[in-house]
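Read through the structure below, which is laid out as structure tokens, and then see the notes.
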Amino acid sequence: MRIPKKPVSFCISLFSPDLFPPALSSRIRLVSGVSTKSDCAPGKRKGFCFTGARQLHASYSMEGSHGTVVGDNKSPRLTNMDCSDGGSHEPCIWSSPEGGHKIDIGKQIFCNRSLNMKNIVAVGFDMDYTLAQYKPETFESLAYEGTIRKLVYDLGYPRELLEWSFDWKYMVRGLVLDKKRGNILKMDRHKYVKVAYHGFKELSKEDKVSTYGSTLTRDAFDEPDYALIDTLFSLAEAYLFAQLVDFRDNNPGKVADTTDYARMYRDVRAAVDLCHRDGTLKQMVAKDPKRYINEDTSIVPMLKMLGDSGRSTFLVTNSLWDYTNIVMNFLCGARTMDGIRKCNFDWLQYFDVVITGSAKPGFFHDDSRANLFEVEPVSGMLLNTDNGSPMPQVGDTSPSFSPKTLNKSCRVFQGGNVGHLHKLLSIESSSQVLYVGDHIYGDILRSKKVLGWRTMLVVPELEREVELLWKLRDTRKGLRLLRNQRDLIEDKIHHLKWSLKFEDINAEEKQQLSSALDSLEFEREQVRLSHQQAQRENHQKFHKVWGQLMKTGYQNSRFAHQVERFACLYTSQVSNLSLYSPDKYYRPSEDFMPHEFDIIPM
């Protein structure tokens, strides 16, 4: 049993045996007697007490608005808490009275590979789009507008671009940009192109086949000719690329002949990089974080629960210290009585190590020669270290740090590599680390393949997708029946054609078979059209253009294939970890081969 770093107290009262199974009851030593009300005051962290109410209460101290919700312990479902009003509702976590019940499907954690959390000694997080979920309608629009200005004023594009607007719902993750042809593709796990647009114009089936399906060798659809839209940061630039393709096609002469589709994509990427380098985006977020970042009051209870379970927690982000401190203060900082956040360094108490400016994915290579500097939180100064150990300045006999730095249990660094992190956390085996991120290639693939870390991918789009899947489950059954009906009719048609071609039959029989064949072919066409229309309607319920995120037709999408390959776990938001025991054993569902699918009952 893992020993918590901090004592945890419970209030347990007059419960019946069904509230605690024998295995759990045997692990809890009860103190006899009945306590007074003051003995069970919120925030008290020692001993056990009976209160007269049938509750199990983990008394995590949650400053400000980060309290534990106390409610009906018999509720059959875990309530989704709305934090949009600034935190008037409190988060519901596994260790609270409401915890441990059925979790809404949109909040569940899904498992690709078995993961026993008891073997995990350190849990790490990315920041941008993992702990910090940006609002696409404001943050991505800000990035889009900044990129447009760079294209016009720095790269010489026509001023008409300044009148363009951004549809933040149009693009989705998992798409592939064909830089040379100006096409945007969605493909299945076998890399067959199923949906394709040239700019905003859909390609016909014949165009798709002639362009991507009639080559002697299979295209890998990778760099340098293609760009993968595998992070939410890339959606604005993908939309802008589609707009530029349409603009070039419909306005001859307004874009230089030497500026082909590939050059336009390079210019978009250069403009995006300029926006990030000049600090415009981060300055706007720093002025008003609430406008650009979703609040999630479950993050602090989740981090506390992980710490109290005996695990180290760390943050590894490519953002630099000044911006990281602003964002993490917004997410984890305490509030004053009037709801205003205090900007300080209190959020560091929830982490053992913070590494900023990590330059992922290069950070995950142990042989990276990146220097590791310690960050002095107050001034932001970088101090030399010897692989994380303090170094004295030239002429000094001992290293010196400010008192505020020495008082912090968490140390903050910039740069370095994964070897430094393992040393700082005393990690003996890479398989003891769980890392949570949002970027398949930047966070998950390298940490999984190079290091063997356990991984969890955050897919915010998943919450709506699984809820819609549940709602449309009967529709999907109907689609499967239509598909089976098409197969049966086609089998009959093939049989009749075979009879007409090879069997010795008289003219009358031949006429009857031909008539039956015509009827079947008419029926097949009707079923085909019904199936096709039903498929398209189902497709558009998920997204009007690209359909279901994790599917392309009947196959897993390329994005789903990457999630399956590289993410041990995946979920819609990082704080869903707070809905599960920190010692949970995550087990995957059974794999099915096609020959098993209709044999083994679901």
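Just so it is clear, glycine is given a Cβ too, placed from its N, Cα and C backbone atoms.
Annotated by TrEMBL as coiled coil, the relevant range among 58-89, 186-217, 506-537 is 506-537. If you take every residue in the coiled coil (506-537) and average the pLDDT, you get 89. All chains included, 26 other C-beta atoms sit within 10 angstroms of the C-beta of Asp438 (Mg(2+) binding site).
Taking CA atoms as the reference points, Asp438 (Mg(2+) binding site) and Asp126 (active site, nucleophile) are 8 Å apart.
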